[in-house]
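Student: Structure in C-alpha cells, see below.
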Amino acid sequence: MCGIVGYVGCRNATPVLLNGLRKLEYRGYDSAGIAVLSKSSDEIVVKKSKGALKFLVEKITKEVVRTSESMSDADADRRFSELVGKTGDFIDGCVGIGHTRWATHGEPSDLNAHPHTNVSGSIAVVHNGIVENYGKLKSWLQSNGIVFKSQTDTEVIAHLLNYFYERTNNIFNAVLETLHRLEGSYAIGVICRDFPDRLIAARKESPLVVGVGNGENFIASDVPAVLEHTREVHFLEQNEIAVLYSDHVDLFNSEGEKIVRGTTHIDWNMDAAEKGGYAHFMLKEIHEQPSALENTIRAHMLFGDDGKPSGLTFSKEIEPERFRELVSGARRIVITACGTAYHAGVVGKYAFEKFARVPTVVDVASEFRYRNPILGEGDVFIVISQSGETADTLAALRLAKSKGAKVIAITNSVGSSVSRESDFVIYTLAGPEIAVASTKAYTTQLACLYMLSMMFGRERGIIGDGEYARLLGEFAAVPEKVQQILDEKAAVQKFASSQFNKSKIFYIGRQFDSASSLESALKLKEVSYMHCEAFAAGELKHGPIALVDPDTLVIAIATEPPLFEKLASNIEEVKSRRAVTMCITQDDSGAFEKCCDEIIKIPATESAFESILSVVPAQLFAYYCSVLRGNDPDKPRNLAKSVTVE
Ligand code: M6R
C-alpha cells in the first residue's frame, strides 16, 4: 500500500532514495517520485512518473533502461542499477524523500504521483495511508484560495503544512498541527526548504521504520529498504514523530514531547532481501520454504538425547503457567485474518478440531470487525498476519481485546503493530517475504498452527504419549519433504506449459484439502490472472458443476485417505463432462489413476500435515502459469503486499 523512503546524510540522496524505492516496489508500483533539496539551487526538486520505478529513472537520466527488445531481464536489471547510479549527476542534494504508489484517491498519473508540495514548492510530503477527512479539509483549503493540482488525499497534507508553517515559522510545529487535524491512517515523510538539515516523519496505523546509520539516517515503510545501510532501526509507534538529522534522530510523541528509546537490531542480512540468482522473488521464496519451515519448527521443538523430537514448547512466547491457563480455559478458538493468512486459519480450524478437540471458528477480519461478534470468557483469539500491519486484521484484534479475549498473534514481522498489540506473539521465522503473493509466510503460519494445536491437544489429554511422539517425528520431517517436492518441480512446470491458456480452473478437495484448495486457487488468481475457484468437492454437484466444460481444468487435492473414494467420484463427474483433471496426492494405491489426466505425487506424511506439502505444487503451478502468460509474478496487477487501508 505505497512505499515511502527518506534520506538525510552526506551522500547524494537521489540514488539512495531510488535504491530504497526499488526494495519497496512490492508495496505499490503504479507511479513513483522523489523530492530532493538541491544543493545547487537551494530549492526542492521534484521528479515523478506514472508506472514502474524504471520510468522515473528514465525521466531523470533521459536514457532508456531497455535498449533493445532482446535485452535479457538480468541485463535490464544491471542497466537499471547503472542508471540509478547516474541519477545523482542530475539532482544533487543530501536530503530527500521518495514514494512508490498504490493508488487509492485518483488514478495512477504523473500528477497524482507523490511527493506533493505546497503551492510555492518549499514543502514536500510523501504519504502512505488514507486521509479519511480529506474531503472536508480540501473544501476548507479551497475556500482559503488553494488550487489543488492532484486528485489525491495526500495533497491536503502539503497545503495544511504550509498553512501552519506560515503561522508558526516552525516546520516541526506545522507537522504537529497538521497531524492533529488528520483522520485516518498515515506514514509521512516531510522536507522543507527552510530547514535543509532535517527530515520529519510520523506514523499512525501505517508502518514506518527509521534506519539509524553512521552520519546518515533513513526512513522507510519496511526494513528491506534500509538494510543495505544499517541494521539499527526504530519502529515508530502509533502517533510518534521522528526528526532525522544526519548525525542523530529525535523521537517525539503526538504532543511534541521527546521520547528516549533504544534501537532494535535487525538480524536478517541483505541476501534475504535479494533475489539471489532466482528469476523472481516468488520463486526464491517458494524454494526457501524448507529452511523457513525448519527454522520455525526448530524454534519450538524440543529434542531428546537420541536426537529425536521429544516435545514442543511455546515458553518463549507464553509462560508455561499462562499457557496452561489458556489451554484449560479454552472453550472455543476464534481465528481471524485476511487473504492467505485467513486460508492458513481455515487449515488451523481443522487442526485445532482434530488435535485438540476444541471448537474452532475462523472468519475473515473485514467481516469479523463489523459483525458485533460474540466473544467471551474462554475464547482464545488468534490473529494471523505476515506483515502484522493489515488494517482489517488490526481492527479485529483491537475489537477482540476490547471484548476481553486473550489474543495470540502469529506474524512474520518483529515490531509490527500486530506483534505489539497482542497478548502473545508467535513469530514465523520465514525471513522477509518480498513477493506480493505469499508462499513461505503461509507454510510457516501452518507450521505454527499445527504446533499450537498439538500443544493444546497434548495439554488437554487428547494426544497420548505414543501418538505425540509419532506426530512430532512426522512433523520434524516435513521440511525435507517440501524439498523433495521442489526437487521434482519440472513435472509441475511441464504441466503448466500445457494448461496456462485454460479459461477456467477449479481446485477441489475435502476437509483439510478443501482449505488448501482455497489457498491454491488464490495463488493462481493473484499471479496468473486466470479465473480460478476453489470448491469443497462435495459441493460441486450443488451448482458449480454447471460451469464444467472441455476448457476447464479441475485440480483435486487428495491427501485424506478415508475420503479418496468419494473424491475420485467427484473427479469422475467432471471428467465425464470432459474437463482436464489433475491430482496432487501422496496416494500410491492407484486411487486416482483412472480419473486423472495427470498426477503430481507428494511425499507421504501424517495426513493432517499434508496441507504444508500439497500447496507447494500449487504455488509452483501458479508461478509457472504467471511467467508463461508474460506476467511479473512479483508484482501482480492491482495488488500490494501490505494492505494497510480498508
Ligand atoms: O500481511 P497479512 O498476512 O496480514 O496479509 C493478508 C493478505 O493481504 C495477504 O495474505 C494477501 O492475500 C496476499 N497477497 C496473498 O498472497
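Each Cβ is built from the backbone N, Cα and C atoms, and glycine gets one as well.
The following feature annotations were taken from TrEMBL:
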{"type": "ACT_SITE", "residues": "CYS2", "note": "active site, nucleophile"}
{"type": "DOMAIN", "residues": "2-247", "note": "domain 'Glutamine amidotransferase type-2'"}
{"type": "DOMAIN", "residues": "323-462", "note": "domain 'SIS'"}
{"type": "DOMAIN", "residues": "491-636", "note": "domain 'SIS'"}
{"type": "ACT_SITE", "residues": "LYS641", "note": "active site, for Fru-6P isomerization activity"}
Student: Quick one: pull the CA-CA distance for CYS2 (active site, nucleophile) versus LYS641 (active site, for Fru-6P isomerization activity), whole Å only.
Tutor: 9
Student: When you tally the Cβ atoms that lie within 10 Å of each candidate's Cβ, which of the active-site residues (CYS2, LYS641) has the highest tally?
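Tutor: The most densely surrounded of these active-site residues is CYS2.
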Student: DSSP on the domain 'SIS' (491-636): how many residues come out helix, how many strand, how many coil?
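Tutor: Here the numbers are 73 helix, 28 strand, 45 coil.
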